[in-house]
Amino acid sequence: MVKTQRVVITPGEPAGIGPDLVVQLAQREWPVELVVCADATLLTNRAAMLGLPLTLRPYSPNSPAQPQTAGTLTLLPVALRAPVTAGQLAVENGHYVVETLARACDGCLNGEFAALITGPVHKGVINDAGIPFTGHTEFFEERSQAKKVVMMLATEELRVALATTHLPLRDIADAITPALLHEVIAILHHDLRTKFGIAEPRILVCGLNPHAGEGGHMGTEEIDTIIPVLNELRAQGMKLNGPLPADTLFQPKYLDNADAVLAMYHDQGLPVLKYQGFGRGVNITLGLPFIRTSVDHGTALELAGRGKADVGSFITALNLAIKMIVNTQ
C-alpha cells in the first residue's frame, strides 16, 4: 500500500452483535486506520461486557492516517438517541443507525475514507422509527446518486452478483429487461477489473427459468431477453458464458473457469454461496463511487454482549476492502 488509508466502519444495530464484532476487530493490528462511526459509550460498555481492552482515539481528519494498533479504535462520534440494552431493540435508535450510515457514506464521497464496511442493521426497527429503509445497498445508491448499483456476495471461492435484489418472485420476470441486464453486466465487468484487479473478467450467467427455459418450452425470457443481451456484450469483447441452468451451473467444470456468477434473482444464487461459506461471506456493493463491503449475517440480538458472536465475516469484509483499496491505487 502506497500510504496508510482510513477505512470507516458502521457497527449497525446497537442492540445487536455489531458493536461486539467491532470491539473484536480492535483486538488485532491493521494496516489501515479503523474509523468507527458510533457512540463512544456503546463501544466501551460492550468492550467491558466482553472483557476486552479498548481505547478510543479521537478522529482527526487533518492528521495523516496511522495503522491501527491492537486494542484501539479511532472514534467518529455519533450519539445514541436512547440507552442501549444488549439484545433489546429501541425504536428511537433507528435514527442513530441511519445517522451513522449517512456520515460514513458522506465521508467516502468527500474522500475522507478509502472504504466503508458495514455491520448488520435491523430493517424493521428503522422502518418503525418512520424512516423508509429497504437495505444498505439501496440507501447508499440513493445517497451517492449512483446511476445503478449491483449487489454481490463473495467467499474466497465464489462470487455471486444479482440482476435483481429484494423483489417478490412474481415481479422478477418483468424486471429483467435488456436495459437492466446491460447495466448490471457492465457494472459487474467494470468493478471486477477496477476493484478486483481482474484484467479480463469471465462471467457465468444464470438463466431465469428452469433448465434456462428449455429452448422456450419453460419460459421465453432467455430467448427474448437474456441471449440477445449476452450476444451484444460478447461482440464488445466481454467473456460471458450462458445463460446456463442454475441447478447445474454451480459445479467445478463451470466455476473453475469463471471469476463471477450473475444470478437473475436473490434466492437463485445466494443459497449456494451461503451454504458453501456461511459466516465467511462478504456483501459488496458494486457501482458505487467508493468501496463498500459488509458482513453477510444479521443482528443476532440473542448473542449481543455474550462474547459468542463470530467475527469471521467482519474480518473477511475488512480484508477484502483492503485488497480492493490496493487494486484501485
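Along the chain as shown, the residues are counted starting at 1.
Every residue gets a Cβ built from N, Cα and C, even glycine.
The C-beta environment of HIS136 (substrate binding site), restricted to residues of the same chain at least 6 apart in sequence and closer than 8 Å, consists of LEU101, THR118, VAL121, ASN283, THR285, ARG292, SER294. The substrate binding site annotation in Swiss-Prot covers HIS136, THR137, LYS274, ASN283, ARG292.
Per Swiss-Prot, divalent metal cation binding site is recorded for HIS166, HIS211, HIS266, and the stated evidence type is sequence analysis. Neighbour list (HIS166 (divalent metal cation binding site), Cβ cut-off 8 Å, at least 6 residues apart, same chain): THR134, GLY135, GLU138, HIS266.
Shown are the binding-site residues HIS211, HIS266, LYS274, ARG292; the one with the most C-beta atoms within 10 angstroms of its own C-beta is ARG292. For THR137 (substrate binding site), the number of other Cβ atoms no farther than 10 Å from its own Cβ, over all displayed protein chains, is 23. The secondary structure of ASN283 (substrate binding site), as reduced to three states from DSSP, is extended strand.
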